[in-house]
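What TrEMBL says about this protein:
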type	residues	note
ACT_SITE	GLU395	active site, proton acceptor
DOMAIN	39-150	domain 'Acyl-CoA dehydrogenase/oxidase N-terminal'
DOMAIN	155-248	domain 'Acyl-CoA oxidase/dehydrogenase middle'
DOMAIN	260-410	domain 'Acyl-CoA dehydrogenase/oxidase C-terminal'
Amino acid sequence: MQGLGVRDSPVRKVITVTTYGFICSVPCLLCVAASYGLTDEQKEFQKVAFDFAANEMAPHMAEWDQKEIFPVETMRKAAELGFGGIYVQPDVGGSGLSRLDTSIIFEALSTGCVSTTAYISIHNMCAWMIDTFGNTEQREKFCPDLCTMEKFASYCLTEPGSGSDAASLLTTAQRKGDHYILNGSKAFISGGGDTDVYVVMCRTGGKGAKGISCLVVEKGTPGLSFGKKEKKVGWNSQPTRAVIFEDCAVPVTNRLGEEGQGFNIAMKGLNGGRINIASCSLGAAHASVELARDHLLVRKQFGETLSNNQFLQFKLAEMATRLVASRLMVREAATALQEGRRDAVSLCSMAKLFATDECFNICNQALQMHGGYGYLKDYAVQQFVRDIRVHQILEGTNEVMRMIISRNLLTES
């Protein structure tokens with residue numbers, strides 16, 4: 001957990017902002033500073049994450065996107081700082097931090113590369129699921145290598161015919177002796193084909209959520225194969241493929257929990273995943289506010305800088321306000337989830353809905369403020385827009401978030 005427990009270094013006084021081709025450090029904009037309300041320890045590992053984003057991620061963000069590079073070695077460097085199993089227990093190699101701590105780290109890392117950070121967040125979710133729902137043998141087998149990122153993980157729930165209606169999944173796992181025989185396919189799997197461990201939701205029983213179980217499938221298992229690498233609008237530093245099972249034999253000892261508990265395991269993983277992905281949106285929005293502010297200060301039109309235009313001043317103020325509001329909501333939801341509060345599921349859904357919508361709007365407005373330059377791939381703002389657009393779709397679409405929130409409101413006694 002090197003890097004997360006440092007207490008004697010000075011608190012960072014600048015936030016690093018990325019543009020393509022160079023990194024510049026500007027005075028921290030106090031009204032949107034990400035460190036307000038944090039403990040000294042949280043400020044220290046936030047600094048570690050900001051520094052890593054600036055030095056190890058931001059300089060390569062454009063290249064990873066354009067060449068579709070999965071930055072394995074960079075992620076392993078992140079794991080050396082404790083970012084491979086942030087909320088996994090220390091006895092199996094994790095950092096043992098809270099959900100709030102995790103949100104702080106993912107927000108900071110995303111200022112350097114949203115796409116890579118989003119994959120790291122999914123990997124962390126998978127490691128947590130094994131740590132939380134696995135037995136001692138499973139935890140000791142899988143978690144240490146996941147926490148060091150010697151091995152990488154993928155989450156396999158979505159199928160070609162079951163997206164938002166996840167409980168209708170069709171991938172089957174028939175038990176034969178001491179193995180399950182898997183048949184079916186999963187769609188849009190982050191890391192698919194390049195990762196080593198697949199946390200798979202499959203049907204071992206009847207229809208509906210209660211017939212679903214969770215199996216850990218290891219790369220190289222006979223019958224496991226992958227579709228073509230998808231061409232995506234964003235998230236290009238992580239590969240996305242279909243994961244295909246054809247008479248794929250998986251040991252019963254790789255089942256997490258009991259038969260029929262898989263859907264519950266999947267949803268508990270997603271509650272945290274929604275906080276994680278919302279946190280990645282915060283980082284993109286924060287970087288975009290900084291980029292927009294810098295552009296307004298130097299770009300001249302009609303004989304003066306754009307920063308003197310009151311309409312743009314007001315737009316920038318609205319962007320900063322929405323960023324801070326989103327951050328507060330995400331951090332409150334993270335705290336609720338950590339504490340196991342009754343309102344945690346609804347708050348996670350609210351935070352994911354609000355933050356991913358608002359942060360996309362912030363990034364999009366930042367692009368608009370750049371004018372034609374914002375549409376060029378020489379400028380980082382367009383990549384932030386492309387990378388966080390999908391956050392309104394995955395980990396449960398924002399329409400499903402509305403369903404969860406309204407259901408809670410209408411069924412409370």
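Using N, Cα and C of the backbone, Cβ positions are placed for all residues, glycine too.
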Cβ neighbour count (within 10 Å, all chains shown) around GLU395 (active site, proton acceptor): 29
Secondary structure content, the domain 'Acyl-CoA oxidase/dehydrogenase middle' (155-248) (per DSSP, counts of residues): 6 helix, 47 strand, 41 coil
Residues in the domain 'Acyl-CoA dehydrogenase/oxidase N-terminal' (39-150) grouped by DSSP into helix, strand and remaining coil: 84 helix, 0 strand, 28 coil
For the domain 'Acyl-CoA oxidase/dehydrogenase middle' (155-248), the mean pLDDT of the predicted model: 97
